[in-house]
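As written in TrEMBL, here are the features:
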DOMAIN    225-271  domain 'DC1'
DOMAIN    283-327  domain 'DC1'
DOMAIN    337-384  domain 'DC1'
DOMAIN    421-471  domain 'DC1'
DOMAIN    480-532  domain 'DC1'
DOMAIN    542-583  domain 'DC1'
DOMAIN    624-664  domain 'DC1-like C-terminal'
Amino acid sequence: MDSKTESKLLSLTSQIMSPAKQIRFDLDWVGEKRMNSFITKVMSLVSSMDLDLQPKPESEFMSLTTQIISLLRSMDSDSMPKPLSNLISLLSQGNFDHNTDFRLFFRQTMALEPEPIFMSLIYQIFSLVISMNTKRDKLISLCPQACVVLGNNGNFEVIVKKQEGQAHKGKAIPWSRDSKWECLPFNWKTYWSSGDDVTHFRCRNCDGDNHKEYNKAPVEIKHSLHRKHSLQLVLLDETSYTRVCYCCDEDLKRMFYYCRTCDFGLNFVCAKKEAILYIDQPKWHEHTLALFLRKTSLTCNACGLSHSSCPLYMCPPCDFVIHKSCISLPRLIRISRHFHRIAYTPSFDEGDWSCSVCRKKIDNDYGGYVCTKGCSYAAHSKCATQSNVWDGIELEGEPEDIEEEVLPPFLEISDGIIQHFSHQQHHMKLDENTGRDYDENKECEACIRPIYFGNFYSCLECDFILHEECANLSRKIHHPIHPHLLNLIGGFDGVINYYNDKCSACIGLCKGGFFYECGKQGCKFMLHVQCATTSEPLVHESHRHPLFLTSKPGEKIRCSVCKDSEETFNCIECDFALCFYCAILPQKVRYKHDKHTLTLSYGKETGDLHMRPGSTWITFGNKVDVLHNSNRMSRSICSYCVKHCPYKIVYMCSGLILCSQGCVVRSILQKRGRYRELEFLSRYA
């Protein structure tokens with residue numbers, strides 16, 4: 001084999017030995033796509049090697065590789081332990097699309113005593129490649145001393161301490177497993193990289209116990225923002241919510257420093273910096289401001305809030321107080337809830353002001369934002385700068401943008417005849433016949449709903465249909481729950497991804513029909529057209545008061561109708577909340593066997609309104625087809641929950657008929673033996 005082939009093998013092995021930047025819950029490394037791809041490519045290279053043509057002397061890497069190849073070619077499967085025989089047989093086939101058997105055989109082979117020579121040689125190759133990493137001395141091991149979860153009271157709870165080696169509250173967290181394979185870099189998680197190429201990592205297997213050769217981050221520190229007690233390095237449980245860091249006002253990451261006695265947390269990056277005792281901020285105050293080291297609640301002049309969740313700077317002679325996080329408040333911004341720019345004001349004019357984001361009263365003596373055009377629009381400082389309404393751009397000193405012209409959704413060819421941007425190959429005609437018979441097979445291509453009532457456009461040459469209101473959807477919009485401009489996408493012909501292609505409001509699978517997509521590069525926000533055109537104030541049949549979008553970023557309020565916790569419209573008069581999924585349900589529908597109109601009553605079982613029969617989506621690498629449910633009196637039986645499929649559509653996956661997306665996912669997990677994930681879904685989904 002030439003040096004080029006050796007370089008390819010080295011490169012492949014180095015890639016698989018690199019730490020993962022993101023590891024999804026409870027996925028074994030041998031089950032990941034990159035491991036499957038790695039083995040397939042290596043086997044392809046190895047199978048083409050001619051050992052007689054190897055250069056002499058061989059490098060240590062090629063010497064080990066040659067030994068493995070010779071061993072594979074000379075081994076007698078009858079004399080091997082059964083797990084090893086099964087593993088080598090599977091390797092020789094080179095097909096890892098469905099890797100359940102491979103994962104099982106590899107685990108069984110690793111457990112053999114004594115260790116087979118074949119496995120020992122593979123481990124030696126992995127160890128050699130790790131030692132060849134030129135940045136090895138820049139790796140710092142993170143060794144958390146406890147695992148914590150955020151409790152219902154907003155405080156963190158320690159669920160297991162490392163030195164105790166046992167779980168609290170019945171929750172098992174593994175510490176220091178013995179398998180050397182589990183401590184290889186593909187089972188590491190990287191956290192922070194600094195400018196000098198230093199990378200912090202955590203081994204998910206041993207949390208640093210088996211990595212004495214690497215420098216370790218301090219497991220306990222003292223910090224000037226919390227002088228009373230030491231802070232310990234802790235790990236946030238994967239299933240837990242989080243809260244903000246005391247120093248930077250950003251979410252506490254998966255690894256942070258924590259005082260259990262005081263429930264005090266600092267992000268790792270913040271803990272490496274000492275607090276600045278004195279600052280000059282002329283845009284906020286004419287005098288030098290001093291850090292108030294004691295954790296206390298004083299009302300901030302900039303935001304009007306009184307809390308002790310971040311440091312305070314103050315000028316005692318002037319009675320001026322400002323949160324450290326409020327020093328970075330912008331002076332001039334544009335938010336998704338208002339057409340004009342809004343500017344910071346240190347106080348409000350006389351009158352009764354209320355925040356147009358959270359809908360609560362504004363205290364006139366403290367800072368906030370007001371419209372620059374003289375509108376009565378006003379907002380609290382913290383509400384106006386939430387990540388779901390503000391794009392993070394300071395506009396002070398920037399000229400007003402000239403609004404770009406938005407193209408119309410269609411061209412009017414003649415009276416009642418249009419050419420829609422999503423169906424440019426044919427013309428469409430407006431149908432205004434309100435006395436037509438209901439046909440359940442006629443569905444709008446935009447909202448994927450039948451033509452129950454009203455006018456619609458139908459193609460003159462094919463079956464393409466649009467509700468009149470859907471045909472008039474604007475091609476660009478701003479939506480109250482997202483800070484960026486959204487573009488209308490007129491249909492999607494690809495395969496829908498179960499994880500990535502979900503509506504950001506109702507969490508249903510998107511792309512079945514038309515949808516709005518964020519125009520900012522890298523932003524994955526998208527909305528069904530129904531969710532995009534549903535805004536505040538929402539007057540809904542289910543409640544006597546108007547409803548508003550008052551939720552904070554990431555806040556999940558329980559819907560009063562379906563009891564799920566998602567983005568909701570909230571009542572400011574009482575505790576009622578309505579999620580987007582329930583809000584967009586049609587109030588009236590028709591059924592082919594009933595001449596009367598059916599009116600919505602409130603319950604949870606609605607099925608998926610946004611999936612079109614004939615479409616396809618992918619989850620866990622499995623293809624899922626969307627089909628019409630049986631039209632017979634007895635509907636299909638779900639292969640997972642063994643109940644009648646109650647909805648208009650069913651799903652087919654691996655030959656099984658399944659009634660819902662939940663049953664699809666659970667069926668796949670059960671088939672693959674991933675019982676821990678299955679239990680997690682049953683508990684939290």
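Yeah, the Cβs are placed from backbone N, Cα and C, and that goes for glycine too.
Of the candidate ranges 337-384, 421-471, 480-532, 542-583, 480-532 contributes the most Cβ pairs within a distance under 8 Å of the domain 'DC1-like C-terminal' (624-664). Panel annotation: around the domain 'DC1' (542-583), residues 357-360, 386-388, 480-481, 503-508, 531, 534-536, 602-604, 606 of the same chain, lying at least six beyond its termini, place a Cβ under 8 Å from a Cβ of the stretch. For the domain 'DC1' (421-471), the DSSP counts in helix, strand and coil order read 4 helix, 13 strand, 34 coil. Against the domain 'DC1' (421-471), stretch 480-532 shows more Cβ pairs under 8 Å than any other of 225-271, 337-384, 480-532. Here the domain 'DC1' (480-532) returns a mean pLDDT of 88 for the predicted model. Note: the domain 'DC1' (480-532) comprises 4 helix, 15 strand, 34 coil (DSSP; helix = H, G, I, strand = E, B).
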